[in-house]
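Q: Shown below is the structure under consideration.
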């Protein structure tokens, strides 16, 4: 019976992962319908939030099962996926569809998001550097944990300030492009479902996503052992591709319509929300639960995060776009994906490392 269960676990993981894909697309559709009633700025924020529902739910279940490495990998993968895969595909497809036009966007919105992402990078980079200052393992683990918790509080405060900036004090920066679109003759677009109907369906979809996410978390390590793939590859590459299906589809559609501001708002907004709110929130929730989770994502993962942000910042620095920029972002994502594909880390290594760090902290106390 045990052997039968072990053989079924990878299939449960694969089917649950496939089941999340159409649900993510439906969540994107429902949030788009709600945006007609809430306005473009609130609608974009709602789209990013609900689009990240899969990652957040998976992170919560992984935390409850003390699988901190799955939490870190999946959230980091979602950020990199939004910056390189989603944004890259949008710029590439938009450039091909509008190859005879020069696509332009408002740099101010992108600059704010990138600024927030660099703050997140700083908060992730410092705990990693603690391991290279020459202190003992116990002191390093304790210092990294304390710094991560303090930085997480700062990141949440910064994200709340960002919401105030986006929704109230400088709302015109984020709605300027939408006003231009309305003047261009897009008044014919209207909602096809009522507000409360969309809201009820959205709640129902979230419940089903939560159920499938629990199966994914419980079976990911068995799938890793059965398929010969590392947990890092499954969590950083496969899970975000499924979880970001909503943003991916929506961003590409807007890019085809030459609405790059909305595409950038979806991809960069989602990456900003995960890095500045979801990740520190998981650290704080783990703190409340008595779980020692820090912002140390290891040197390879943090380096990939830094490269993704830097390349994205250089790509968006001039306010114009073409398909070559999107292609470069996609190629960078493929290289990072290949890196984690060839990384043969057994599924229990992360748990062993976490256990050793935890024991070191207890010995220090």
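Just so it is clear, glycine is given a Cβ too, placed from its N, Cα and C backbone atoms.
TrEMBL does not curate its annotations; it predicts them automatically.
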Q: When TrEMBL marks a stretch as transmembrane segment, which of 147-168, 169-190 is it?
A: 147-168
Q: Considering pairs 6 or more residues apart, do the transmembrane segment (112-135) and the transmembrane segment (322-342) have at least three CB pairs under 8 Å?
A: no
Q: Treating G and I as helix alongside H, and B as strand alongside E, what does DSSP give for the domain 'Sodium/calcium exchanger membrane region' (198-336) in helix, strand and coil?
A: 115 helix, 2 strand, 22 coil
Q: Within the same chain, where does the transmembrane segment (295-316) have neighbours whose Cβ lies under 8 angstroms from its own Cβ atoms, ignoring anything closer than 6 residues to its ends? I mean 6 or more beyond.
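A: For the transmembrane segment (295-316), the sequence-distant neighbours (Cβ-Cβ under 8 Å, at least 6 residues beyond its ends) are 72-73, 76, 79-80, 83-84, 87, 91, 105, 107, 110, 114, 117-118, 121, 123-128, 130-131, 144, 147-148, 151-152, 232, 236, 264, 268, 279-280, 283, 325, 328-329, 332, 336, 339, 343.
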Q: With the transmembrane segment (322-342) as the reference, find which of 75-100, 147-168, 262-288 contributes the most Cβ pairs under 8 Å.
A: 75-100
Q: Considering only Cβ pairs under 8 Å, which range in 75-100, 147-168, 262-288 makes the most contacts with the transmembrane segment (229-256)?
A: 75-100
Q: Using a Cβ cut-off of under 8 Å, list the residues of the same chain at least 6 residues beyond the transmembrane segment (147-168) that approach it.
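A: Residues packing against the transmembrane segment (147-168) from afar: 41-42, 45, 112, 116, 119-120, 123, 126-127, 130, 174, 272-273, 275-277, 279-281, 283-284, 287, 293-296.
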